[in-house]
Structure formats: structure tokens, C-alpha cells
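What TrEMBL lists as thiamine diphosphate binding site is HIS75, SER116, HIS117, ALA118, GLY149, ALA150, ASN177, TYR251, GLU332. Annotated Mg(2+) binding site per TrEMBL: ASP148, ASN177, in sequence order. Under the heading domain 'Transketolase-like pyrimidine-binding', TrEMBL lists 281-446. Positions annotated as region 'Disordered' by TrEMBL: 584-605.
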Amino acid sequence: MSSTVLGQVTGPRRLKELRPDRLPALADEIREFLVDKVCAAGGHLGPNLGVVELTIALHRVFDSPVDRIVFDTGHQSYVHKVLTGRQAAFDTLRAEGGLSGYPMRAESPHDHVENSHASTALSYADGLAKAHRLRGEEHRRVIAVIGDGALTGGMAWEALNNLGRGGRPVIVVLNDNGRSYDPTVGGLADHLTALRAAGEPGPNLFETLGLAYLGPVDGHDIAAVEEALRDAARLGRPVVVHCVTEKGRGYAHAEEDEADRMHGIGVLDPATGRSRTASSPGWTAAFGAELERIAAERPEVVALTAAMLRPVGLHGFAERFPERVFDVGIAEQHAVTSAAGLAMGGLHPVVCLYATFLNRAVDQIMMDVALHNLPVTFVLDRAGVTGPDGASHHGMWDLALLGTVPGMRVAAPRDTARLAELLGEALSVQDGPTALRFPKGGAGPEIPALTRMEGVDILHRTRSRPLDVLLVSTGVLAGPALGAAELLAEEGVGVTVVDPRWVLPVAPALTHLASRHRLTLCLEDGIRAGGVGTALAQACADARVPGPVHALGLRREFLSHGERPAILADHGLTARSVADSARALLGDTTPARTPAPSSRERTPR
Ligand SMILES: Cc1ncc(C[n+]2csc(CCOP(=O)(O)OP(=O)(O)O)c2C)c(N)n1
Ligand SMILES: CC(=O)[C@@H](O)[C@H](O)COP(=O)(O)O
Ligand SMILES: [Mg+2]
């Protein structure tokens, strides 16, 4: 028999067999395990340290997977995975082919929701409970675990509106640690603070909507949580069990982390809590610094975040201009339409999101901002392949989605110099929305242009060679494009590499340049279907450009977690793969001649 309590817990059944007096030791061992594994791999440490006792109680009271335990956002499901037989897999946490950092149905029947976008759990629970009723499976309980941050998302209240009236016995476990990254904002936060103080005269928000309310419960007292969960299950009606927890509990470096209680960490030294990886100045910091600089000169510039002030680089802005930054909670739809209001009121709002979370607010961008030609600028961090956060975190849809929005202009800087330039250009646009997108992490070296032609940067020309291939690179894919040009030039292939900077709508100069080359390839760190390459192909067809236009981008698939470079390579977005694609596709076209340079190319800057 294993010498540790944790070693004996190979699944929920063994957990249920443990004597209650063994549970504190189990909790301690789980915390030690989490610090060890998450510091080694990176991931969500603070959120999971906060739900150790809560998750133990959940799996002792309920009978997963017959009972369905649904985690909102899913970043706090590591303890759930430890207790459902996956301890050994934690050495592969968030690695390609390894354990996902979120529930993953292929990993376990105990996992249900893989989407890491917040505020969805109560809607899943509502649907599951309806299905159980209609299928005669009402013995299966439905438990949704939602954080106080996720509860600030509108979908959660749409679901509560239905749960309260429906009478279906859904158990909502509110994991209230008082924060998302920062302390949770808004009137709801104030209400929860009053409830946590165990004193809210009269019916609270949940009871007013028709749900029962049990709490506040000390979320770190296993017996108390078990009792509350059993009481909730006996009620046979929708109920909120309000558990008060502490994010980062039990690991001093997390508890003392003023920023975000080690919400999400890289590889750390567990003894010191310090990063083991050197981080180069990244895109996010460059954006934040430039926005601050511009805002100092332009009082009409304001900024919005959806509960991610520091992750999107706005903390400096907030310190300098506290009255001009708005944290709306995890509420991207509200953020966008509130920005429309700010713009209608004469300001120039900058809505700062991770690209993947833009998906949630496309209608608001389309019908609340673009329809009214409002000057709102969207800054999309983590655009393109992100990597370890997996399928619902890759920022791979923004180009295709924004390409459908009339009047939307989208820029993709190739380096931080262009980021500053394009942010300034975006904030000078007053007759419609603009968007700027850049990837996660470190920004590479500056890539200067040879010349600029009607806004399009010419990065490389193979002199005195036929105009065989036009490589249109978007954003940071300028690097692989230039690498491919070098490889092709060694084979006598004439290559021109251009960076349009403003990638949507298609720059007219691009169709002109395409008309002078045998083949055009467009590289994009986004889904190929409906992306920039598709738009360029359509523009070239409309302009009767003879040569073929091919989009090199991401396949229309949900991409699992892994490392960004490997995923890009798998999609043919490396210098060698691009050269191979060009060489193969050139074979299908007729050889070109070496024409004189076009009069449209201005003198080098
Ligand atoms: C729609 C959406 N926007 C933003 C995020 C980024 N995000 C991940 S976790 C998190 C905070 C969640 O806070 P809470 O629900 O209280 O959970 P806790 O981390 O406190 O356990 C945020 C904003 C997200 N996952 N989904
Ligand atoms: C769960 C969630 O949505 C965020 O915590 C996200 O994982 C952060 O991603 P970064 O680590 O790229 O900031
Ligand atoms: Mg929280």
C-alpha cells in the first residue's frame, strides 16, 4: 500500500473510503503535489491551490461520472484530475500529447467541458439537467463549479434566470475567492462581499431569482463543505452553495503574490517562487508603453479590459490614468458595447482582449460598433497559435471573424516598432473600428523595410531575378517569409516579400504586386478559411490577376495544446515549409521574365 494518502487515492471510490481524519493529510499532500508539478511545467497554480478541499468534498459527496461535475473555465480542475486517476500524467501537464490544463473528454469520463472561455458552466448545467429529466435520468445530479470572476459574465446570469424558474435540481457551487486576476469588480462583488460577511438582510440575488442559497461556507473546511453539498442535494431544487476560498492557499509565494495570487505561472523555482525562464520584453509590455505615451498626449483615449488588466498590459496605463481605464469584469460583450457608448460620447476607446475572447463579442463589434462607424480600437493580444492553453485559447479566429465586419480595418505588426506605428495609425482613424493583433510572449528583432509602396512594406526583393513568387507575410510571419526567400533565392527563384501591415481589407497595392508575379502566397497565423489569404485571393480574382494565390495558414481544426513553434511547423508555417510550398506550386505555373521595376514603388525610405 502506498506510504502516502494521496498514493492510495486512485479514484473517487478510494477517496470515499478514506476516514475523515485522513483528509487533512490528503489536502496537504495534494498542495505539495500541485506546487511541485505546476512549478515544473507552468500552469494555473493559484486557482487550484484554492480548491483542494472543495474538490475533495465534491468527489466524496457526489458520484462522478454518473453525477456530472462541470467546471467553469476549467483552469481550476487540476485537483479534480488528481482525484480521478491522473496523478501520474502531471509530468506531462500542458505538453504536446500530455495532460491538458483543462478538462478533456478524451482523458476521462469525469471530464465534461473543454472550453476554457468563462461563464458557461451554468448553461451547460441547465441543459444537462433538462436532458436528465427528459431521458428519465434524474438520479444523475448536476453540479456546476463557478468562480466569482466567471459569475461576472453575462451568460451566467442568463443561465441563473432559467435555473431559478425551472425547478431543476442543479447545484451551483460558487467558488468565491474574491478575485479573477485582480479583485472581482462591480456590484456583484459588493453583494458577494456582504454575503461573505454572513449578513445580507432579506433575500439575496440568487434567492430573488428563485434559487435556494446555502452559505457562506468555509471552502477549506472539508466537513463543512460536505455537509452543505449533502444539504443541497437533499433540496431537490436549484441551489447555490456559496463557498469562500483563498486563491493560492497553502503556498506562501502565491498567497503573497499581490498581482494575481499566481493565477497562471511559467516554470518556477518552488523554493523561491521565482521564474526559471528568462523572459524577453514582449509584445504586451510594448503595447502598454506605447498606449501610455499616446494617452498622455490625447485625453480622449481610454482603455477597457475584461478582468485582465495586467495580462493585457494596462496596469501602467491604470496607474497613470486611473479614471480612463475600465475593468468591466469577465464581460467582453459588455466591454465592446460600452466602448461603443464611450465612442458615441466623443472618446476613443481601446478594447484590450486576448484574441480568442473576441469570439464572444463579434455581434457587438458588428452591430454596436461597426454599424455606427464608431472609432473603437481593438487590441488583440495572444493572437494566433498560443500553445499550452489548448484548443479554446489559440487566437486563431479573429482575422476570419473581423474580415466579415464592414468597415473594420485590421493591422498585424511584424515587430514592436510597427506595433507603435500601427497603434498610432489606428488611433487616428475616426470613421470606423480598427484592430491590432499580435502573438503571445517575446517580440523578435526589428525587421526594417526596403521601401514602402502605398502603405505596403517591401521587405525583400530578389534583384535581377524573374518575379516568380510574391510572399505576403502578416505580422510576425515576416520572419519565416524572409527565411523562405533566402532558401528560394539560392535556387534561382525570384521572390518578393511584402508586409501589408494593414492586412484587412486587402491593400490595392497587393493585387498590383500579385499581377507581376507568377505565384502569390499569403502567410497568416490564423485559420486559413476566410482569413487574409482568402480575402487576397478574392481581391486578385476581382482584379483579374492571372497567377494563383494560395493561403498558408492554420487548418480549420481545434488545435490541441503544445508549443507554438511545433504547431506552426505542423501547419507549414516555417521558412523551409514555405519554400517547399512555393517550389511545388511554381511547378504548376509558366516561367516569368524579369520586368523593369514598377513606377509605383517609391524610393527607399
Ligand atoms: C470569456 C473569458 N474571458 C477571459 C478569460 C480569462 N480568464 C481565465 S481565468 C480568469 C479569472 C477567473 O476568475 P474566477 O472565475 O473567479 O476563477 P478563479 O481563478 O478565481 O478560481 C479569466 C479572466 C476567460 N477564460 N474567458
Ligand atoms: C484560464 C485563462 O483563460 C487564462 O488564465 C489564460 O490561461 C492565461 O493565458 P496566458 O498565460 O497566455 O496569459
Ligand atoms: Mg475567483
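Cβ coordinates are placed from backbone N, Cα and C, and glycine is handled just like the others.
Heads up, TrEMBL stuff is auto-annotated, nobody curated it.
Largest CA to CA distance in the thiamine diphosphate binding set (HIS75, SER116, HIS117, ALA118, GLY149, ALA150, ASN177, TYR251, GLU332): 32 Å, whole number. In this structure the C-alpha atoms belonging to ASP148 (Mg(2+) binding site) and ASN177 (thiamine diphosphate binding site) are separated by 7 Å. Of all Cβ atoms in the shown protein chains, 30 besides its own fall within 10 Å of the Cβ of GLY149 (thiamine diphosphate binding site).
One residue stands out among the binding-site residues ASP148, GLU332 for having the most other Cβ atoms within 10 Å of its Cβ: GLU332. Proximity of the binding-site residues HIS75, HIS117, GLY149, ASN177 to ligand 2, judged by a Cβ distance under 6 angstroms to any of its atoms, singles out HIS75 in sequence order. In the predicted model, the domain 'Transketolase-like pyrimidine-binding' (281-446) has a mean pLDDT of 98. Proximity to ligand 3 (Cβ under 6 Å from any of its atoms) holds for these binding-site residues out of HIS117, ASP148, GLY149: ASP148, GLY149.
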